[in-house]
Amino acid sequence: MYRLLKTCGRAKRGEFHTPHGVIQTPVFMNVGTAAAIKGALSTEDLERVKCQVELSNTYHLHLRPGDEVVKKLGGLHKFMVWDKPILTDSGGFQVFSLTTLRKITEEGVYFNSHIDGRKIFMGPEESMRIQSNLASTIAMAFDECIGIPAERPYVENSVARTTRWLERCKKEMARLNSLEDTINKKQMLFGINQGATYADIRIEHAKRISEMDLDGYAIGGLAVGETHAEMYHIIEEVVPYLPQNKPTYLMGVGTPENILEAVERGVDFFDCVLPARNGRHAHVYTNQGKLNLLNAKYELDDTPIDPTCQCPTCQRYTKAYIRHLFKAKEMLAMRLCVMHNLYFFNTMMEEIRQALDEERFPAYKKAKLEGFAQNGK
Ligand code: GUN
Ligand code: ZN
């Protein structure tokens, strides 16, 4: 159940009540694709960096260790030892981005595993069954994420099929939630808007899925090749047709700048691999822009990444030390940077929520963007 606490223009400040606790929005979900945050973070670390929601992938966990294994072990929460909300992506994106030799039919998608090449089929029912076995808090609908640019006739057909898949997802999820041996009988389902850069197709689709009374709505198929301006434009076009009293989730986005722009346009859930990926490459976020800790100028820098940051890394370690760890190829280097970056994103979301609560989001956003511009992106 979503409670809209406050609005500022189109920006939403909300509370999403789930069987695994309340999510304060806007929120950034921390990506742990295969039930682990890359960079050797534990679920204790996730708590220390103020993570509210962990995100895992249906596709990866289905291949390894297998969703049946996770179910036998009591579900993903018990398996990972994480009792807060978990969102699982449906596989609809990974199947299209990671696999080769795909064949899309009305039933679903045939593809080869990126691990051992074995032939696999996944359709809406399979995706729901896997996510039900994983017992995540929120399951995502099985969709086709269309690359941009895409021809209009292809997009029309694909979106119509994604709508039919959504109807099948809803039906299958209701059935699974009613079964005796289902671990999370209150699993929630989010629908996903598609339509590439065609605003009219997106709007028609948004209207259609909004009538289906799902637990939340995502905007998918963005950050896949279009410009930032195009992405913001699509969000502006679509958000008015999604229910304001449900969470709005922009999938796979993005940079701190993208997040601020999307919050302003009414988005309240985000996820992205960027903070973890950048951290593994010594790129760290600060309020004055990104730093590259491999830079020679940090060799003798005995200050933290950000002296104002309260994260576990900045409380204790210097740039010079972390730079040395990267040069020496010590795993600790990545862990310290990923922790700082996730803390940075989660803290920015906390600041956004506070700015919305105190009705000063526009000024907050402006100051934040000016700060980021100091060191380039
Ligand atoms: N992650 C980023 N974009 C998408 C999308 O369009 N669909 C799904 N399922 N996941 C995504
Ligand atoms: Zn820090």
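Glycine too: its Cβ is placed from the backbone N, Cα and C atoms.
What TrEMBL says about a protein is an automatic prediction, not a curated fact.
What TrEMBL lists as active site, proton acceptor is Asp89. Its own atom aside, the Cβ of Asp89 (active site, proton acceptor) has 33 Cβ atoms within 10 angstroms in the protein chains shown.
For the recorded site, Asp271 (active site, nucleophile), the DSSP three-state label reads strand. For Asp271, the entry in TrEMBL reads active site, nucleophile.
Taking the Cβ of Gly92 (substrate binding site) as reference, residues of its chain lying under 8 Å away and at least six apart in sequence are, in sequence order, Ser127, Met140, Ala141, Phe142, Asp143, Glu144, Cys145, Ile192, Gly220. The annotation substrate binding site is assigned in TrEMBL to Asp89, Ser90, Gly91, Gly92, Phe93, Asp143, Gln194, Gly221.
According to TrEMBL, the Zn(2+) binding site annotation covers Cys309, Cys311, Cys314, His340. Counting only residues at least six positions away in the same chain, the Cβ atoms of Gly279, Val284, Tyr285, Ile305, Asp306, Cys309, Cys311, Thr313, Cys314 sit under 8 Å from the Cβ of His340 (Zn(2+) binding site).
Per TrEMBL, the feature domain 'tRNA-guanine(15) transglycosylase-like' maps to 10-370.
Per TrEMBL, region 'RNA binding' is recorded for 252-258 (among others). A Cβ distance under 8 Å defines the sequence-distant neighbours of the region 'RNA binding' (252-258), meaning residues of its chain 6+ beyond its ends; these are 93, 220, 222-224, 228, 231, 270-272, 274, 285, 344-345, 348, 368-369, 372, 377.
Taken from TrEMBL, the feature region 'RNA binding' covers 276-280 (among others). Counted with DSSP, the region 'RNA binding' (276-280) comes out as 5 helix, 0 strand, 0 coil.
Other residues of the chain with a Cβ within 8 Å of the Cβ centroid of Asp89, Ser90, Gly91, Gly92, Phe93, Asp143, Gln194, Gly221, the substrate site, are Phe96, Met140, Ala141, Phe142, Glu144, Cys145, Ile192, Gly220, Met251. Proximity to ligand 1 (Cβ under 6 Å from any of its atoms) holds for none of the binding-site residues Cys309, Cys311, Cys314, His340. Whole-number maximum of the Cα to Cα distances across the substrate-binding residues Asp89, Ser90, Gly91, Gly92, Phe93, Asp143, Gln194, Gly221: 15 angstrom. Sorting each residue of the region 'RNA binding' (252-258) by its DSSP state yields 3 helix, 0 strand, 4 coil. Looking at Phe93 (substrate binding site) and Asp271 (active site, nucleophile), their Cα atoms lie 13 Å from each other. Within its own chain, the region 'RNA binding' (276-280) has Cβ neighbours under 8 Å at 30-31, 37-39, 290, 334, 337-342, counting only residues six or more beyond its boundaries. For ligand 2, the nearby recorded positions are Cys309, Cys311, His340; that is, of Asp271, Cys309, Cys311, His340, these have a C-beta under 6 Å from one of its atoms.
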